[in-house]
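As structure tokens, the structure follows; a few thoughts come after it.
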Amino acid sequence: MNIDISQINKDKDIFFSTDNANFDQTLFNSIKSQSKSFSNTLTAGQATHSFDHIIVDTSKEFNKKLISIYFNLLRKGGRLEIYNNVVELQEMDFLLAGYVDVQKLNNKLIAFSPEWDQNESQQVSLPISNSVWSQVSSTGQEETINENEFLSEQDKLSKPQTSLDDCEVGKTKKACKNCTCGRADEEQKEQQNQKVKLTKEMVENPGVGSSCGSCGLGDAFRCGGCPYRGLPSFKVGEKIKLPDDFLIDD
């Protein structure tokens with residue numbers, strides 16, 4: 001099998017491997033003389049990405065374990081050529097190892113390492129687009145609108161309503177159902193502030209007529225203006241019994 005040495009030049013570091021005892025020595029010397037550096041043996045701990053071009057001439061079945069080994073030895077865009085006994089080799093084995101552009105021609109297989117490193121990131125420069133508004137302002141021809149031109153003299157004299165109460169109801173009427181002016185909140189505060197005074201009847205017959213139904217449950221459940229606040233819990237209709245020490249300060 002004639003080995004193609006047209007891709008070899010003084011800019012490339014070459015690794016050459018053969019198990020053919022009858023390999024043409026003249027061709028061997030040509031490969032060596034035309035390359036930048038030449039090696040036909042691998043040392044323990046051989047540095048990765050050491051070669052630009054790897055040529056393998058084998059008379060035996062190719063060891064597939066070498067596929068990944070050669071891949072690690074190639075630099076970016078490196079070239080691997082395998083001659084003889086390549087019939088059983090599958091392009092997919094090389095693609096899975098990381099090679100690109102794998103070609104099998106007759107009794108020769110060529111594969112390339114990618115032009116990029118695995119997991120390599122590349123900064124992408126995006127064109128800078130000017131803001132539409134900055135382009136408009138740069139022309140100097142935009143028309144501005146004076147808001148005061150839309151106001152009449154009467155508009156300028158009128159003052160906005162400052163009162164929160166816009167329910168338009170008299171003093172004796174309640175706020176609207178969907179009040180948003182704040183009157184409903186004020187009425188609620190007034191109701192809370194109007195605390196009902198506790199009477200003897202309310203102690204003798206407690207909780208009767210309660211609107212919330214929570215007066216007898218204790219302070220945790222009583223309203224803010226509940227007259228029973230501070231008293232112990234009780235059953236509705238049963239006289240409230242105060243403990244002997246109820247009026248004694250702690």
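Cβ coordinates come from backbone N, Cα and C, glycine included.
A TrEMBL annotation is a machine prediction, not a hand-curated record.
Secondary structure from DSSP puts C179 ([2Fe-2S] cluster binding site) in coil. Look at TrEMBL and you will find C167, C176, C179, C181 tagged as [2Fe-2S] cluster binding site.
C226 ([4Fe-4S] cluster binding site) falls outside any helix or strand according to DSSP and counts as coil. Marked as [4Fe-4S] cluster binding site by TrEMBL: C212, C215, C223, C226.
Within the domain 'Anamorsin C-terminal' (165-242), the DSSP-based counts of helix, strand and coil residues read 22 helix, 0 strand, 56 coil. Residues or ranges marked as domain 'Anamorsin C-terminal' in TrEMBL: 165-242.
Feature annotation from TrEMBL assigns region 'Fe-S binding site B' to 212-226.
Look at TrEMBL and you will find 212-215 tagged as motif 'Cx2C motif 1'.
What TrEMBL lists as motif 'Cx2C motif 2' is 223-226.
The number of other Cβ atoms within 10 Å of the Cβ belonging to C215 ([4Fe-4S] cluster binding site), over all protein chains shown, comes to 24. Within 10 Å (C-alpha to C-alpha) of C226 ([4Fe-4S] cluster binding site) lies none of the binding-site residues C176, C179, C181. On the 0 to 100 pLDDT scale, the model's mean across the domain 'Anamorsin C-terminal' (165-242) is 75. When the Cα atoms are compared, C181 ([2Fe-2S] cluster binding site) and C223 ([4Fe-4S] cluster binding site) turn out to be 25 Å apart. Every protein chain shown contributes to the tally, and the Cβ of C176 ([2Fe-2S] cluster binding site) ends up with 14 other Cβ atoms within 10 Å.
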